[in-house]
Structure formats: C-alpha cells, structure tokens
C-alpha cells in the first residue's frame, strides 16, 4: 500500500468521527419522475468486469449510447478515465487496487441513487472487492448487476492496441492482471458476455434484456421498429381473404400514408389512427395510449388518418375488416375499424394554425371525406411506385442496416425538398467536420429528400434525385460517407408541428443528429404572402420537443454567397456587404431563364439538371 494512501486514509479516519449521514428530502420515486423523459426510478449499477482487452469499455460505451438513444438516463465510468481524476493518487498495489474499486463503488452508488443507470468498466480482478461493491449497493437498496466480460487471454492479447500485455510479458509492467497477477472469475454473475463469440450489439442486447427482466429498461424500448407487412408465409392466405372482403378505394395520398405506416416510420402505430390516438396527437403532439408513464413520451405531432365519405361509412360500418384498394389493386386489410367525425376546421387549425383553403394541403383536407376511419393494417406487399426510384426508398430497418454496414458511429440527417446548393453542402461538410472533432470516426450523412406529395411549384422528386446525384458526382459531398435515400412521407407545410414529425422519423431510422434549417416545413401564407411561421421557431421547437431526446439538433447556420471568396460562406453580420442572399425565387428565375448563377453557388452539373427541368416545363407548356 502506498505511503500517500496510508496518510490520506488515516486523515480521513480522523475526520469521520463527527460526520452524520443526512437523509435526502426528495424520494427516489420523486426523483425518478423528473430524471430523463421516461418517468420512473431506474437507478442501478451495471458492473462490467474482465481482463484488459476483453471489451469492457467498448460494451460500456455502446450500452450507454443505446440507453441514451432510448431516453434512459445513464453514465459510464471507465477505469482509465477515473484514474485521470478521482483516483489519480492511487497506484496498482493490492491496497490501492482495493481502494480504487471501493471509491468507484461509492461513486456508482451515488449515480444510481440519483436515478441513473451507472455503467462501470473496471478489471476489478478480485472477488472480495466486487462483493464489497455489491454490498455497498444492496445496503442502500439499489440493484447491482455483475457482468462478466469473458474473453480468452490470447484474444485479449491480440486486441492489445496499447501494447500492455507485451510490456507485461517483457517484465516492464509488474503485477499485470492475467500475466503475473490473478484474475478471479465471477462465480455467479448476472450475465456472461462471450466477446470472442458475440458482436458488440449482441452483447449490448444481452445486457438490455437483463435490465428489461429487472424492469430497469421498459419492454417498449426493445421492440424496435413496427413494420406492418403480412408475414411471407401468410401472404397468399391473406390476399385470398382480401379478395372476398368489401373494399375501400383510396387515393395516392392515402397510399403514401400506407407506405409510411407499413415500413415502420410511424412506430408504434399499428395502422391509421383511431379517435383516441387522433385526439392525443391533435391536442398533445404525443401518443399516450397503451403506454404507462414510466415508458415515457412518444412524439407524434401530425395525425395519420384515413378520410372516408358518408356513403363509404354507411357501407362499411358493420364490417370487422375490409380491403384498401388502390387503382383496382387490393394493397392492405384494415381490421377492427372505428369511424369518427372528421372535424376538418378543428384539425387544420390545430395542425397548421390556420384553416385557409388556399393552403395546398389544407385544400386537400377540406375536399376529403367527412368521416375518418382508424384500424390496424395488414399490408400485403411493399409499396412500389415503379418510377425508377424504388431502390432509393429504404425502410428504417434497411437504413439502420446500411449504416451498420458502413461502420457508422454517428448518423446526421438532412431533410430537404429542394435542390442542394453549395450553402447546404457547406453546412453538411461543417457538421461532419465537427463530429470528427468530437471523436467520431465514421460519421455518415443521410441525405434524405422528401418523396411523397409536394405542392405543384416544388421541383419534382425525379429531378431532385438527378440533381442530388450530380452533387455527389462532382464530389461536393463525399459519396463514400453519404447515403442518399427517399423519405416517403407526404409534405404538409405545417412548420414547427411538421418538423417534429420529420425529426422523429429520422430518429427511428437510426439518426442521432438532425440538421434543422431556417423555416423548416414552412411556406408563405397563401393570402398575405408573409412567412406562415416564424422562421426560427422550427429549430427552437425541436430543441424542446418531448420524445426527441435521442437526437441532437444541429441548428442551420445561415449561409450566403460571399462575393469576395466567390463561394458559399457562413454569414458574418460584421461583413454584411460581402454577402449576397440568393433566394429560392431568384434561383428558380435564373434557372428558368437559362442563366448561370454566380461561380461557387452550385456545382455546374447540378445546376444543369435544374435548368434542364425548367426547360422541360417550357416544352410541356
């Protein structure tokens, strides 16, 4: 035992004679109600133990990332990190090692008592020290889970990027666990992770399932994305049944919502909203039905509903299920239908903040059926549009897999419904740079243009996709670290209300960073021509929105054309005279007239796509 430790320990003993433990005034239950966005006390310690190189730190940080992404407050205490601060006065003698683990156990207990899931990753080689850590928690009435991260010594040595095992075998490091100091394997751990046989994600899932069994992690966290497709082995049977059922004709807009629901973008919805879900969305911007308070808040800011006429309601009201038919083809079954009044003005006023029928989406609502029908969906097959772009329509599960295949450790999403200019690219490049500076190794950009219904004067999807391809071809964005995919949602032009929907869908698809621009999902008021929504409110609302805590919001820095640099640049008010703000209206006017924008505004090939589009309009007209 070191002399410093003995001196400090003796001094601590002398001070402790007149110290009285003070009880908290706030109970754990009350603390649990306000810690994180998922109410309920879930304080505990997950104690990872194993040889150096077994994978403790990797699993610890991956588990922390998983829990935080599901809005469960947690913190990871790493052995090396703690020895840089709290325990920097301790060495590696037997006494110092014992004190190292004791201190960590006490700190972990405080974290757990505060309502966090505390994850510790320490070799902690001796059984008596780990047992003492358990007793510290159990005496305080706090759960303690010992997780043995088990990997053979030769595997640990092969992973030794620091060269510690090599130095220990050379005699340069004395008392190194596994070489000349014993590691006492846990006899009855709560979980054993075989890291030489299982992937990191599999190991994390094992721990999550343990926490689920102990009611630390809610069941809803594990269920993941809800796709609504009929299982392959039952498609023929359900399709045959669909042919015998009454049918409801649906519009292209309705089919786009069927696609959204079936692919899991609206998880946990099981179909078009029934009245209870509709009212929750309309009045609270959240889904509460069937979710107990400890399972937290599910953000849902827009109603996903199926309008029907009074005649169709009268015809189908007594059915337990019926088929949805698009252009003569039965695409899905709707089960246990519930019909309720479509109060259009109220819906529009709450979603859009206005009910003017001159708004393009509100116009469609006002012209739709006077009734809504909700019910569970069984979708017979994946929705395909056969427009040459289906390969870009990746589902949330496919996007998650693609990010995994690219070894992404951060995914930042950019939602757009317009062509990409170099100002957009500057923001995406800057976001990537900042993520690399923060220590991420493989940040991936999800360039995710909206592919559902848009208003008539927006550039059509096929031309936008050509333009995005040209941007990548000219390497304005890095093709190797970019996923271009189509987000199948229709556009509502509902400003801050809609931008929450856009963000939560990307969150479901695995994004953990979301770039929000000026006036997202906004448009000019159809009557006054002023901004329908205050341009900065979208970003502000996203930063406060309930249920979106697993996504970090990246505000859109204002970019404009720098006349001196002849390039897009972040706007500096102190140099206002250097900048030219090229509006979308001006950009479209230049493209329509076949003129070139200033050098550096947009990649030349991408600009040519835009001018080709407007020329095609002239020919059509």
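Note: Cβ is positioned from N, Cα and C throughout, glycine not excepted.
These come from Swiss-Prot:
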type: BINDING; residues: 53, 54, 55, 56, 57, 58, 198; note: ATP 1 binding site
type: BINDING; residues: 80, 81, 82, 83, 92, 97, 98, 99, 100, 123, 124, 162, 175, 176; note: adenosine 5'-phosphosulfate binding site
type: BINDING; residues: 415, 416, 417, 418, 517, 518, 519, 520, 521, 559; note: ATP 2 binding site
type: REGION; residues: 1-216; note: region 'Adenylyl-sulfate kinase'
type: REGION; residues: 225-621; note: region 'Sulfate adenylyltransferase'
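Just so you know, the Cβ of residue 517 (ATP 2 binding site) picks up 23 other Cβ atoms within 10 Å once every protein chain is counted. When the alpha carbons of residue 124 (adenosine 5'-phosphosulfate binding site) and residue 56 (ATP 1 binding site) are compared, the span between them is 11 angstrom. Here the C-alpha separation of residue 521 (ATP 2 binding site) and residue 55 (ATP 1 binding site) works out to 44 Å. Ranked by Cα separation from residue 58 (ATP 1 binding site), the binding-site residues 82, 98, 100, 175, 519 are led by 82. Secondary structure at residue 92 (adenosine 5'-phosphosulfate binding site), taken from DSSP and collapsed to helix, strand or coil, is coil. Comment: adenosine 5'-phosphosulfate site residues 80, 81, 82, 83, 92, 97, 98, 99, 100, 123, 124, 162, 175, 176; largest CA to CA distance 25 Å, whole number.
Take the binding-site residues 80, 98, 519: by the count of other Cβ atoms within 10 Å of each Cβ, the lowest one is 80. There are 15 other CB atoms within 10 A of the CB of residue 92 (adenosine 5'-phosphosulfate binding site), with all protein chains counted.
The 10 Å shell around the Cβ of residue 55 (ATP 1 binding site) contains 25 further Cβ atoms across the protein chains shown. Taking Cα separation as the measure, residue 415 (ATP 2 binding site) is nearest to 55 of the binding-site residues 54, 55, 100, 175.
Within 10 Å of the C-beta of residue 100 (adenosine 5'-phosphosulfate binding site) there are 23 other C-beta atoms, taking all protein chains into account. Site extent for ATP 1: the farthest pair of Cα atoms among 53, 54, 55, 56, 57, 58, 198 sits 15 Å apart.
Residue density at residue 82 (adenosine 5'-phosphosulfate binding site): 19 other Cβ atoms are found within 10 A of its Cβ, drawing on all protein chains shown. Within its own chain, residue 54 (ATP 1 binding site) has 149, 150, 151, 156, 195 as residues 6 or more apart in sequence whose C-beta sits under 8 angstroms from its own.
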